[in-house]
Amino acid sequence: MAATAAPTSAVPEVAHDDPPRARRRLPVPVLAAGLAVLLLLSVVCAVAIGSAGLGFGRALGYLWSGLTGGAITRDELSAYTIVWEIRFPRALLAAVVGAGLSAIGVAIQAMVRNALADPFVLGISSGAAVGANAVLLFGAFGALGVWAMSTAAFGSALLAMLLVYAVANTAHGLTPLRLVLTGTAMYYGFSAVTTLMVFFAEHGEAARSALMWLLGSLGSATWGSLPVAATAVAAGMAYLLLSARRLNALAMGDETAAALGVDAERLRRELFLVTAVVVGCVVAVSGAIGFVGLMVPHATRMLVGADHRRVLVVAPLLGAVLLVWVDVASRVLLAPIELPVGVLTAVIGVPCFLLLMRRRSYSFGVA
Amino acid sequence: MRVEIDELSVEVAGARLVREVTLTAEPGAVVGLVGPNGSGKSSLLRCVYRASRPSSGTVRVDGADLFAMSPREGARRLAALPQEAGAEFDFTVDEVVAMGRMPHQRAAARASAEDAAKCREALRRVRAEHLRDRGFLSLSGGEKQRVLIARALAQEPRVLVLDEPTNHLDIAQQLEVLHLVRDRAGGPDGPAPTVLTALHDLNLAAGHCDLLYVIARGGIVASGAPMEVLTAELLAEVFGVRAHRVSHPETGAVQLLFDRLVER
């Protein structure tokens, strides 16, 4: 039996209503190298800038002594401590947290296939807040000393994740809508608990630090808080980069993913675990810094397109640079008062984001 | 490759969507699956491209049990065009087609020159090279479908599964899609893949398929060449319509003229 399809020439070419979009995209290696250099400079600047009246040059000198093990005099000790023990780990932590939140934001948006998702959509941060505030307000886990806060935050973040997982899991695995709905419901539940704790807290100062934690702060950064968070973020980023192609397939839909040989159910479970660990570690040291994990993934896609092999290289660098500078601003703008980082990410991020959106034809996952 | 579905059943929450379906597609054949809405066509095809697992039964590709293979291994033999809307994020056409090479690539490896060449060839075969740099979401329905066929072709499948590939397309685009699948899916050096497709339009199915399986309420009720299968009695019973059969003046394929609903 012959096919009845018309010969090729008889089938009319589909007319283009909109002109073909020229997509000028920056080459990723150039962009990544540029951002890496910028990140390095940003960290150096962040160390040199501050309200202690040290001066840019002197601060850089102390940073250099710290890095090379050079000698300093006794009078310089307090200034040196500010640079080496406070500002430098803090700038590094800002970079780690910014990179981690951005990478996880990318992964979560693909995982729940929702452009509005951010790393906290699964209720992890609000779970962590319950633990952290129990420590802040009622001195829970006092036996753990300085580690009480981060341990309690990480522990309750993981508990929250287990709860979300148990509720959202079905015979067909974690479906995107169920995940988002469960996470959002849990978010409200945990937030209610936190609010209640703040409400019944005995003194105002504790309530203030509780609020500060909810909005995110890098003020508690020390050399001690860095390694765990840095390791978790690095491992998470490595896993995501290796899964970049699978994330592309997942973003196209579960059925397409299956047809391309990707087990969407399994991938989503893996992503859930990675998200839990990375966000848990990040939130434990910095609180719930909002907006970075939502905005940076989109900003990155505007720059380099949707392919996760590009996005996952650029987004963490962009997020790191952003958060380093936001943290500098939070320290300096109203010094000696420190602004919550989460407020500033929004203040700086929203206009940049709206500007980018207007300039580029960018589609937010809505066809 | 020969596709053999044997006694395949799908049960979801106590409802049997597919009942012990047995079906064979010979190598290179275009096999159509027709049936009313909700008859189980998609549920059956989803098992073949492994978006869901059957409750019982097997799918064999050239004798090898599909569910005993890794998903990647399966995807190297079998590509699919599912019914879902497509991308959420604005991938370019090039990026969408490149996904077809996934089952052949290692996770950490960069795309090779060979991969790029195969993607270009796939786009050329569906005549969509000019769309390469366009955003997938900005394409028309027909263009999207052509690009998705290119993705499936880049996968170099021996079996191609299509779930209602002509949905929402105008008549020219419908004919083009079936023409591409039927006559241009074979690679320059490989044989044409075996095609298993669900189709709504019975006249398109009659004109383009070598073999039809009619599915109703989850089970196969008839199979054979379109001429033998699409009888007035079957159309009345399965689809609830009265129809006249005529033969296409040029190709001789059976075509249907629909009359009215069957009064019950």
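Along the chain as shown, the residues are counted starting at 1.
For all residues, glycine too, the Cβ spot is worked out from N, Cα and C.
The model shown is predicted, which means the values in this text are computed figures rather than measured ones.
Positions annotated as transmembrane segment by TrEMBL: A:30-56 (among others). Cβ atoms under 8 Å from those of the transmembrane segment (A:30-56) belong to residues 62-63, 79, 82-83, 87-88, 90-92, 94-95, 303-304, 313-314, 317-318, 320-321, 324-325, 327-328, 331-332, 335-336 of the same chain, restricted to positions at least 6 beyond its ends.
For A:88-108 (among others), the entry in TrEMBL reads transmembrane segment.
Sequence-distant contacts of the transmembrane segment (A:120-141), counting only residues of its own chain at least 6 positions beyond either end whose CB sits under 8 Å from a CB of the stretch, comprise 108, 112, 114, 148-149, 151-157, 159-161, 163-164, 179-180, 182-187, 189-191, 193-194, 197-198, 201-202, 206-207, 209-210, 213-214, 272, 275-276, 279-280, 283-284, 287-288, 290, 293. Annotation comment: TrEMBL describes A:120-141 (among others) as transmembrane segment.
Annotation source TrEMBL lists transmembrane segment at A:147-167 (among others).
Annotation source TrEMBL lists transmembrane segment at A:179-201 (among others).
The list of residues near the transmembrane segment (A:221-242) in space but at least 6 beyond its ends in sequence, with Cβ under 8 angstroms from a Cβ of it, reads 85-86, 89-90, 92-94, 96-97, 99-100, 103-104, 106-107, 146, 150, 270, 274, 277-278, 280-282, 284-286, 308-309, 312-313, 316. The transmembrane segment annotation in TrEMBL covers A:221-242 (among others).
According to TrEMBL, the transmembrane segment annotation covers A:271-296 (among others).
Here TrEMBL flags A:333-357 (among others) as transmembrane segment. Sequence-distant contacts of the transmembrane segment (A:333-357), counting only residues of its own chain at least 6 positions beyond either end whose CB sits under 8 Å from a CB of the stretch, comprise 51, 211-212, 214-219, 286-292, 295, 298-299, 302, 322-323, 325-327.
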> Under an 8 Å Cβ to Cβ limit, what residues of the same chain, 6 or more beyond the ends of the transmembrane segment (A:271-296), are close to it?
Replying inline: 93, 96-98, 100-105, 107-108, 110-111, 116-120, 122, 124-126, 128-129, 132, 149-151, 153-154, 157-158, 161, 165, 174, 179, 212-218, 220-221, 225, 228-229, 232-233, 235-236, 239-240, 243, 315, 318-319, 322-323, 341-342, 345-346, 349-350, 352-353
